[in-house]
């Protein structure tokens, strides 16, 4: 045990160790509160006095939630070594998070954004206080879990930090070589003499490498054999990097340098976030200081990302989930353009559903009016795009092979790589199942909308047909129309014949809609059956079971690698563990390929066929709806003409009757008196009936107009 006046710790509770100090987990003697103590060794006292006290002075100036707090500076009892008492971060460092096999291909998007927010806030506080850190790397970013379960990242280890204004330079070299600015790397690692001075932007390069590492799980610049074994090529990669490139690698010995301008496909970040992040990385991983961004622009651009909101959009036709990053104050038009950029679906062709309901977005309205979405509850984009599906790299391509002999360190590294690929397979399997669920749900919603359209259009058609049938079936009209001597009645008979034709068209439309309803119901039953099969899928559980067993063996390898060697029996167990581990990995990848990928690809093909049927059905319903509307419009016109004709005929008969009553002696009537009287009565009743029918047809037309206001998709 060691102690100071107020704190004590056991030397076994080592948290980290460097060239000049060791960090231990300690406790407050009075309260029992856990803290971290940094105990400086004898080597640290060989440094100049100014350098020794610099870390204390820097930490005393800082007070921010994203920087590890300094509680006290004390001394050990016997040797009187200086001790920094600091905030204890119980969840390790960002490096330990990235070293976990679950994060072998980088952090999930939400966690990466937390890292970005914390690092930017912490660096901004340093800059406000005129301090350059000079050793930014994942190992110097500590993690703490907050009360609500969220991660909080804090900058630590200010042993290399010093006060420096924007226009000042320094010449001393600090830092960890993989994260060093190329100019500092040349001097510190390659030991090449140079007269260059360094400014505050050296931290930007280190931040760029750190962010790339957090996003992908690997370093951006990798020479053949690794950065520590091939230092000259490492320097070449960083200094010869073309503008816009964010990574470089040498795949084989003496091979060419290959450049990357995008993040790898294995990265967990969405394309929406990648499109915002890549330009930042390209401009801070810039060796020429004249071209490299300054802190002001870096803070402005990263703050722009962090201030954006995410709208989750599932392109139903493409079967792809998109993350659209926009500002809350942006208009819907800007949102639609962002969707267009990722999906290639033009704004005028974008239709949205949310939780089963049509979601009409007005371009001029603020994006704040968009419903809150999540990855499992996104806006569903309906368009005529061709299915693409989730793009991914087969995890089997990233599975390393065990060496035949027993090599504890090599076996551990291999197991770690295989386990990382296994976790990637698990993530992809979940994404494939989630994608199928979103396909089924979106298709079900679209078919529900089409069924509702069928019901409304059918109601309009049947109502119009009922009115027409009622009018055409009246005996009074038949008796009146049977009087051929009156020319107007011949015209009325022709109009009546046209109404009969329209009634036949409406009848066919009604039958057509009924058949469409049956077709949609059949497709929906098929969809429910497919959805149930996906819900019964147990591939995720099988993969997880393999991973749990592999994890147990991996932990055994992790313990063994620290030992100098194994006894005979232990070595035999180790060999069996390697065999079992390989079998489990093979089984895991087999389940992924046969139960996940193949079923997903088959589902994608079926989805494409169903989408074509849905688009054809929708276009067909539009045509039927137009036919019903046209019939209603024409029937309304015919009814109005018929009503006007009968009204004129009724008026003429009234005039003839009045003239006949005044004449003496009464002339011989062209028609028998009873017929004239009945005819007049029938005309008046028919006029009223025609007016009512025309009014009903007008109401139907208004209903159809409202139906047609729903935006229509482009023609297939």
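Cβ atoms are placed via backbone N, Cα and C, with glycine included.
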Residue carrying phosphoserine as stated in Swiss-Prot, selected out of 151, 172, 479: 172
From 30, 38, 61, the one annotated by Swiss-Prot with 15, 16, 17, 18, 19, 20, 21, 22, 23 for ATP: 38
Ubiquitin cross-link per Swiss-Prot (candidates: 401, 549): 401
Per Swiss-Prot, the candidate from 664, 673 carrying the annotation phosphoserine: 664
Record-annotated SUMO1 cross-link (source Swiss-Prot) among candidates 231, 529: 231
Listed residues 156, 176, 331, 501, with the one flagged phosphothreonine by Swiss-Prot: 501
Cβ-centroid neighbourhood (8 Å) of the ATP site, 15, 16, 17, 18, 19, 20, 21, 22, 23, 38 excluded: 39
The region 'Leucine-zipper' (436-457): DSSP-derived helix, strand, coil residue counts: 22 helix, 0 strand, 0 coil
Recorded ATP binding residues, 15, 16, 17, 18, 19, 20, 21, 22, 23, 38 - maximal Cα separation rounded to whole Å: 14
Residue 135 (active site, proton acceptor), number of other Cβ atoms within 10 Å: 22
Between residue 17 (ATP binding site) and residue 135 (active site, proton acceptor), the C-alpha gap once rounded to whole angstrom: 15
Closest of 30, 135, 231, 401, 501 to residue 19 (ATP binding site), Cα positions, recorded positions only: 135
Rounded to the nearest Å - Cα separation of residue 23 (ATP binding site) and residue 135 (active site, proton acceptor): 17
Candidate nearest residue 15 (ATP binding site) in space, where candidates are the recorded positions 135, 231, 401, 501 and distance is Cα-Cα: 135
